């Protein structure tokens, strides 16, 4: 044991590799809450790269308004909390509720300049306080690994937006501090089990080492099949029919014509039963492999998806920060029987690439991404590394670009996320006014949709995707939300169809999983 009471002890061991992460996740986690599967793949080759699983969590960290709720899930987590409480600044109120500790942060003044707002004490500091009390002497890249989601509605803590009600239990953010990680490298075909020990408790250390051996043993077993649930009638419903959604599009277009905004992304929700989310995720991953795929099991909800779009990515070593705006969408070129017609597909791509409306919308959002980075990056460090490429998925193709900058000294990945949220491709421009209008016209919280899911570490790295092409499942009902980018010369009927096209891959996966 280390003599340093605040040093993280890392226990690592290799285990048998298996190419199917979904099967492993089911075998090790089943429906247990506080578990998470994050996966990455190459866009064009659709080849798996890495799968990271939180098998056990030491703590659940969630936020509502200006408070953060810390709930230990093991003795390991309880000891973190005991250490953390000794370091809480006086400006932060602290109280206990049931098994949780609540931190209440001062409300952020919303009429101050960007830098003052960025450096104000905020709910993000709950993570910073936790990271600062532990030493990662060996500089292991995932010693403190926080995996989870930032909801779209987190922005209301930092900006003046209409107050909305929501019928979902999704917090402003919900993260798990990993106690047991499993990392699959699909290129090297390796499997690593990693335990992070934050406690000095000898019994807890013994338990965690025993847990590592148990997981290795389970990985040598025949993997359990993912259970299936059949549903006779799967009816798709929506909170807005085509006419209602089209009416909102037309109203927002009038505001664009008046010059109030340049672009806006209204959305609508689709609902269908989903008693078996993991089976649906398995179908989605197979039919629509994407750069980012995720499956999150919380005590209140399950969230899964296959997102084409990075939200924000930060590498602490290089201090490079990336945004990946996607704007411009077309359906894939398919025949009536659903087979891909390569000639039709290429003609659709050509039409999209040369469409003035799509190009104007895309370049506007590239410019917005550049502006987002300008606030937090070193002057002269921003550049566009990829401009107007095409990425293809099972039901749609997109115009994409990549914008990169170098983060200013004194800022970290959480500062960067706070400054850039929510991504312009899910809001519009100018961003704050677009979000205000979205709130007024949609009339309810977006929850996970349009936020971000991924991870960050104590070493400062962050990798997230925008939570789109996803299903939020609560009480066995899936909510699939999708929108369309509206500009001056948008054709409302086309945008109505686009919202359904974007949701279709997830809808089909859920249906196919329950037949």
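Quick reminder: no glycine exception, Cβ is built from N, Cα and C everywhere.
Note that the coordinates shown come from a computational prediction; the quantities given were computed from them, not determined experimentally.
Per Swiss-Prot, the features are:
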type	residues	note
BINDING	40, 291, 292, 293	L-tryptophan binding site
BINDING	328, 329, 449, 469, 483, 484, 485	chorismate binding site
BINDING	361, 498	Mg(2+) binding site
Residues 40, 291, 292, 293 [recorded L-tryptophan binders]: greatest CA to CA distance in Å: 7
Candidates 40, 291, 292, 293, namely the binding-site residues, that fall within 10 Å of residue 485 (chorismate binding site) by Cα distance: none
For residue 469 (chorismate binding site), the one of 40, 291, 293, 361 that lies nearest, given that the binding-site residues are compared by Cα: 293
Residue 40 (L-tryptophan binding site) versus binding-site residues 361, 449, 484 - nearest by Cα: 449
Other residues, Cβ within 8 Å of 40, 291, 292, 293 Cβ centroid (L-tryptophan site): 38, 39, 41, 290, 294, 306, 307, 465
Rounded inter-Cα distance in Å - residue 484 (chorismate binding site), residue 292 (L-tryptophan binding site): 20
Most Cβ neighbours inside 10 Å, all chains, among the binding-site residues 293, 484: 293
Position of peak Cβ density within 10 Å, selected from the binding-site residues 40, 329: 329
Sparsest-packed of the listed binding-site residues (291, 483, 485) - C-beta count within 10 angstroms: 291
